[in-house]
């Protein structure tokens, strides 16, 4: 198979879809690898490293003119030109937030595999390391923007001896949430997690039984009560392939302390905060509304590209090797979890949540493959 690794053009995105080590594995399996010039520089990988791994260094157009393109983030409008019939696009695509991209794929007959919807035994396995990084960085960024020079409250989130640490409230109890929680309690913060699933609540209470973590049911009353006490509020709600509802209403944000901070980790697909109506970037990551600092960067792991690239590449490689060796259709038959990642197949939407969210026709992948 002819596989392309393209340079990300999303602002502030320095990750790359494949490391030289994983390029070498695919080349050893008999595939042709075309890596766009300087695609890996932001993650610390030189063109020579890819050449030594067996790849050819090519232009953007050549890297797209392949059987499968390996990306990190969703294609942007300047890249839609490269969509074509039977092309496979692999990456963290978050297509529910990009109807224009989906329409372009439908028109071209392109296939899209979204790593963030691949489910292994009920877990979003490929998204897990990115969620871990985002969860940890949410606490770092919250602590940073709570400083007075950023118009924050002027508190040290960790506190010091004799001075209490800040209060962190986390909406959702998944992997990003537990990583944010671990980081927050590690610096001495008081943490509250709001979770809707009763089984998950029981699990979290057991996990944090010896820590100063309050695990409560996520409902309007509890959210209203806890958000006004928060110095740092972190939303982690993600519905695979779909936009989450705006759970945090504007009046709730208005009730927060002046200078407090909101970080929405799942802003990639629209997020849950009513007062966040646009993305921000790593260059200009926050805006202030109702005296509350809002951090809405959709590619948080992109700020730590070396770590993030190694993590995502290690998760991708097993699937990429299977697709390259067996072809997509056979790989789906032999590795059932891959099916959950196919959001668009040859121009047909095959992920139900995506079709429902965008109001577009969809079919079950099994129907299309027959």
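Using the three backbone atoms N, Cα and C, a Cβ is placed for every residue, glycine included.
Annotation comment: TrEMBL describes 4-134 as domain 'Alanine dehydrogenase/pyridine nucleotide transhydrogenase N-terminal'. Assigned with DSSP, the residues of the domain 'Alanine dehydrogenase/pyridine nucleotide transhydrogenase N-terminal' (4-134) fall into helix, strand and coil as follows: 52 helix, 27 strand, 52 coil.
The Cβ neighbour count for residue 15 (substrate binding site), using a 10 Å radius over every protein chain in view, is 30. According to TrEMBL, the substrate binding site annotation covers 15, 73.
The annotation active site, proton donor/acceptor is assigned in TrEMBL to 94 (among others). Around residue 94 (active site, proton donor/acceptor), a 10 Å sphere centred on its CB holds 25 further CB atoms from the protein chains shown.
According to its DSSP assignment, residue 218 (NAD(+) binding site) is coil. Positions annotated as NAD(+) binding site by TrEMBL: 131, 200, 218, 237, 238, 265, 266, 267, 268, 297, 298, 299, 300.
The active site, proton donor/acceptor annotation in TrEMBL covers 268 (among others). Around the Cβ of residue 268 (NAD(+) binding site), a 10 Å sphere holds 24 further Cβ atoms from the protein chains shown.
Cβ packing within 10 Å was compared across the binding-site residues 266, 300, and the lowest neighbour count falls to 266. In this structure, the CA atom of residue 298 (NAD(+) binding site) is 13 Å away from the CA atom of residue 15 (substrate binding site).
The binding-site residues shown are 15, 131, 268, 300; of these, the one with its CA atom nearest the CA of residue 94 (active site, proton donor/acceptor) is 268. Separation of the C-alpha atoms of residue 15 (substrate binding site) and residue 300 (NAD(+) binding site): 11 Å, rounded to the nearest whole number. The two recorded residues residue 218 (NAD(+) binding site) and residue 73 (substrate binding site) have their Cα atoms spaced 30 Å from each other.
The two recorded residues residue 131 (NAD(+) binding site) and residue 73 (substrate binding site) have their Cα atoms spaced 14 Å from each other.
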